Amino acid sequence: MAFEYAPAPESPAIVNIRPSYGLFINGEFVDPKDGERFKTVNPANEEVLAEVASAGPSDVDTAVAAARAAYDTVWRRLPGRERAKYLFRIARIIQERARELAVLESIDNGKPIRESRDVDVPLVAAHFFYYAGWADKLPYAGLGPDPRPLGVAGQVIPWNFPLLMLAWKIAPALAAGNTVVLKPAETTPLSALLFAEICQQADLPPGVVNIVTGAGDTGRLLVEHDGVDKVAFTGSTEVGRLIAKSVAGTRKRLTLELGGKAANIVFDDAPIDQAVEGIVNGIFFNQGHVCCAGSRLLVQESVAEELLDALKRRMAQLRVGDPLDKNTDVGAINSAAQLEKIRSLSEIGESEGAQRWSPPCELPERGFWFAPTIFTGVSQAHRIAREEIFGPVLSVLTFRTPAEAVEKANNTPYGLSAGIWSEKGSRILAVADRLRAGVVWANTFNKFDPTSPFGGYKESGYGREGGRHGLEAYLAH
Ligand code: NAD
């Protein structure tokens, strides 16, 4: 018998969303010079949340100039232990305002409050705490005796983990003595703007952090700006390629965190129930809007039937709906455009001959929704096995031997992450060694920690974020 759940909605009243936001430049909110604005909507009900400024060329100039001035006159001159105090202060304010940040993130992004509250926001605070600890220890980071900051970092981030991607970018940059201009994604600008208020609250010197909102054009203006010394980008491989081209031949340093099509490999000796939880977490966490999502399940043929039965039973228990309800497992798709992409790739999956299955599930009428879906009978040539869907869609393939599993797992242009499920430690180590992926999880999936480096191979990008390695991208040595 299925449990009935009473609604347990988190109140949106804790967060004050302003009707209109300016750009955050030199410690203040300012209007865009050409007056252009765009709307950000709640993907769970399509209601407009706020109007946000769109930064044009002269706005980006002003933001980069503010970051440069703050770098030259204040930030690079502060001893590491003083920079650390600001980062600790920011981390503590994030903890104090955690509920507000989590609610805002869920409203603007569509992700379940359970995730923004228990995963995103605690990790954001953890990143600032972690890098605060490094700020006065840079000579001991293994990057030479006197590592120096690069200058002004231009940072562009995607919409899937808006605040967490901001933390991955801003915390190490500031700890290393750089100043930043960050552009959040156009569909999820609000938590970055609340972060700007937190910078004010922390008395961060003006110009150390600047936030310019806008779409791809604003991002392009920022990464191509002559006054930027370092470009850090997280987003699609397609845009990453454009940025790599525009930065090539300049003195700018570049890190790219791009897409993925991770294999989650289940061997016949894996504990099935535990693996099922890992598969669900791997592909349905954050509606599958995860660069390192376990979107290709590779299951050993001898246990495939048993595992798929258990997976379907588990999927039937997933609760899809209101992101602010604490019972919700799967929230809204972030935008109409993303929903269209997921729908069209899923239709292609069917037309190429794979079998599609979703549990019975009632989707809300308004908003952008997609039921958790699996495809079986998938071959390596199918587009749903090759392309990043970036949604709650799992492609299931089978294998007979470990060698076949490794070959199939590596048969992708990407190389961001992978998962291995087995009782046998020696098998896990042997297989992990042969996987071309930046992160390999063993008997778990989608686990993040600020001390651990994260990044890709091949078309998943280059450079590492997180850990000691994450400092290297912001230091000359
Ligand atoms: P996207 O590339 O379309 O956009 C990312 C950001 O780049 C946005 O802020 C966008 O406005 C900006 N942008 C667009 N065109 C630009 C241009 N020409 N120059 C500069 N900036 C530009 O990606 P998305 O759809 O927002 O995000 C999803 C993608 O991000 C997926 O492919 C996912 O795998 C990837 N991602 C990677 C990681 C990682 O760490 N590797 C983490 C999260 C997401």
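Cβ atoms here come from the backbone N, Cα and C positions, even for glycine.
All annotation found in TrEMBL is predicted automatically rather than curated by experts.
According to TrEMBL, the protein has these features:
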type	residues	note
ACT_SITE	E257	active site
DOMAIN	29-475	domain 'Aldehyde dehydrogenase'
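Annotation for E257 (active site): same-chain Cβ neighbours under 8 Å, separated by at least 6 residues, are F233, T234, G235, C291, F454, G455, G456, S460, G461, G463, E465.
Model confidence over the domain 'Aldehyde dehydrogenase' (29-475) stands at 98, taken as the mean pLDDT rounded to a whole number. The secondary structure of the residue listed as 'active site', as reduced to three states from DSSP, is extended strand.
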